[in-house]
Amino acid sequence: MFHQTVPKKESGFTLWLTGLSGSGKSTLAHIIGPEVEARRRKVEILDADEVREHLFSESGLIREERYNQIKRLAYLAKLLSRNGVSVISAVPSPYREMREYVRAQHSGNFIEVFLKAPLETCMARDVRGHYQKALTGGIRWFTGITEPYEEPLDPELVVETHRATPEESARRIIRKLEALGYL
């Protein structure tokens, strides 16, 4: 396959927002998306809940199933970004190995942002009641309760979403994208 080299500001990229459920991934993706689009960029948001509903409805939350979901999302993000789309992925991807796999699929156009928030904050933000269900046994495998979340060791950016508004957090991420030459 032929892939033309284009300047960073014209090429696609994958912004991988990772963190616990309730850390702000979807909220920030939907703030950042229009900001990137306003700069005449094609944008696609891959939100875990939407993707799970439409592409992986048969899959569960056990590690192997999540890993397979992440592999598929990594491939989709790579195809989109390779074709000039700015991909914003709002996916928990709780295991380092998963995120390292995603990074390896991209050729330098990958930005990992860890949305760090205490478990208590994430639980308080949980409007769907997933944490409560996990605590009472209604959800068997749930990151942060019955499954671990392995914090990234070297993300491009860490945003403590419990210390800032969503708009402030989104501005930090936009500034990072600018500093890296993507915007």
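Cβ atoms are placed via backbone N, Cα and C, with glycine included.
According to TrEMBL, the features are:
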| type | residues | note |
| --- | --- | --- |
| ACT_SITE | S93 | active site, phosphoserine intermediate |
| BINDING | G19, L20, S21, G22, S23, G24, K25, S26 | ATP binding site |
| DOMAIN | 12-160 | domain 'APS kinase' |
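Using the Cβ center of G19, L20, S21, G22, S23, G24, K25, S26 for ATP, the list of other same-chain residues with Cβ within 8 Å runs, in sequence order, A90, P92, L115, A117, C122, R125, T161. Per-residue pLDDT, averaged along the domain 'APS kinase' (12-160), amounts to 87 for this model. L20 (ATP binding site) falls within neither a helix nor a strand when secondary structure is assigned with DSSP, and so counts as coil. Following the DSSP three-state reduction, the secondary structure of K25 (ATP binding site) is helix. In terms of DSSP helix, strand and coil, the domain 'APS kinase' (12-160) has 63 helix, 31 strand, 55 coil. With a cut-off of 8 Å between CB atoms and residues at least 6 apart in sequence, the same chain places A117, T121, C122, M123, A124, R125, D126, Y131 near G22 (ATP binding site), listed in sequence order. Annotation for G24 (ATP binding site): same-chain Cβ neighbours under 8 Å, separated by at least 6 residues, are L115, A117, R125, V159, T161, P166, S169. Cβ neighbour counts within 10 Å, taken over all protein chains shown, single out S21 as the most crowded of the binding-site residues S21, S26. Note: the Cα of S21 (ATP binding site) and the Cα of S93 (active site, phosphoserine intermediate) are spaced 10 Å from each other. Its Cβ taken as reference, S93 (active site, phosphoserine intermediate) is surrounded by 28 other Cβ atoms within 10 Å in the chains shown.
Taking only the Cα positions, the spacing between K25 (ATP binding site) and S93 (active site, phosphoserine intermediate) is 11 angstrom. Across the structure, L20 (ATP binding site) and S93 (active site, phosphoserine intermediate) are spaced 9 Å apart at their Cα atoms. Each residue contributes its Cα atom, and for S26 (ATP binding site) and the residue listed as 'active site, phosphoserine intermediate' those atoms are 13 Å apart.
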